[in-house]
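TrEMBL annotations:
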- 20-44: transmembrane segment (TRANSMEM)
- 37-283: domain 'G-protein coupled receptors family 1 profile' (DOMAIN)
- 56-74: transmembrane segment (TRANSMEM)
- 94-116: transmembrane segment (TRANSMEM)
- 136-154: transmembrane segment (TRANSMEM)
- 201-221: transmembrane segment (TRANSMEM)
- 233-255: transmembrane segment (TRANSMEM)
- 267-285: transmembrane segment (TRANSMEM)
Amino acid sequence: NFSRVTEFILLGLSDTRELQILSFAFFFLAYAMVLLGNLLIIVVVRTDPKLSSPMYFLLCNLSFLDICCISVTSPRMLVDLLSQRKTIAFEDCIAQLFFLHFVGASEMFLLTVMAYDRYAAICKPLHYTTIMSRQVCWVLVSACWAGGFLHSIVQTLLTIQLPFCGPNTIDNYFCDVPPVIRLACTDIYVTEWLMVSNSGLISLACFLVLVTSYTFILVTVRVRFPEGHWKALSTCTSHVMVVTLFFAPCIFIYLRPFSTFPSDKHICVIYTVLSPVMNPLIYTLRNNEVKASMWKLWKCCKV
């Protein structure tokens with residue numbers, strides 16, 4: 001007798017009550033930091049005419065994506081941490097899966113565009129205004145969103161065509177492709193490799209492009225501006241650390257057969273929570289122009 005699964009049970013990060021309360025406090029603080037920090041960045045960039053360069057336009061979009069990314073998983077996780085039974089309807093699970101990959105892939109593409117922007121600014125300064133004009137920026141950002149949507153719709157369609165009629169327990173705190181499709185009542189070999197070639201290769205390709213861009217930047221600065229080499233090295237190193245924090249877990253999770261390891265759900269915390277927390281700290285608090293604009297906005301608010 002065929003019966004379709006109508007809901008999934010999320011096991012969460014831990015079944016110990018004390019750890020759940022500590023996790024709730026930590027993730028609530030992280031969520032609040034991401035919301036407030038990125039909203040502040042968006043307001044500052046939008047209100048200060050001095051921050052009108054392509055870099056800040058892209059940074060503003062990154063802040064918006066960070067808010068979306070953490071909002072896909074954190075609110076439900078916070079509710080589940082205080083609940084006894086952690087269930088999610090099948091439709092809600094698929095929706096969460098879709099928006100997670102939509103926003104996540106869009107952010108991958110945007111980080112790649114941001115690295116290209118820095119490459120153009122430093123390695124081709126005379127042509128920068130032409131290469132990264134306002135129109136080009138809008139086209140690139142639109143392409144990031146379109147690429148994220150295309151990636152996500154493929155993942156979602158491959159998932160919903162599978163029959164789910166048996167187990168409904170997901171060893172994670174949110175719905176994602178690997179743990180969900182392993183619950184299907186059919187052979188998923190072909191579907192699994194289609195998804196690996198989609199998610200895994202996109203993550204790896206974007207990461208390689210990012211590392212290559214920053215390598216070209218360092219080489220160019222060392223040759224042309226030797227006095228600024230160490231400052232560029234410090235900036236590029238911090239950026240590479242942040243993108244590695246985002247891409248390395250994605251590559252580990254998606255660029256392999258979808259066998260579920262107990263550590264997977266803890267690794268997922270890195271790119272769904274920690275990376276959005278780190279982005280505003282690295283990309284803005286190390287930037288003197290943004291800090292000056294924040295201080296000016298603060299003084300205006302006090303008046």
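Every residue gets a Cβ built from N, Cα and C, even glycine.
Curation does not apply to TrEMBL; its annotations are automatic.
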Sequence-remote partners of the transmembrane segment (201-221) [C-beta within less than 8 Å, at least six residues beyond its ends]: 105, 108-109, 111-112, 115-116, 118-119, 122-123, 151, 228-229, 232-233, 236, 239-240, 243-244, 247-248, 250-251, 254-255
For the transmembrane segment (56-74), sequence-distant contacts whose Cβ falls under 8 Å of one of its Cβ atoms, 6 or more beyond its ends: 27, 30-31, 34-35, 37-39, 41-42, 45-46, 96, 99-100, 103-104, 106-107, 110-111, 113-114, 117, 134, 137, 141, 144, 173-174, 272-273, 276, 279-280, 283-284, 290
Stretch-averaged pLDDT - the domain 'G-protein coupled receptors family 1 profile' (37-283): 87
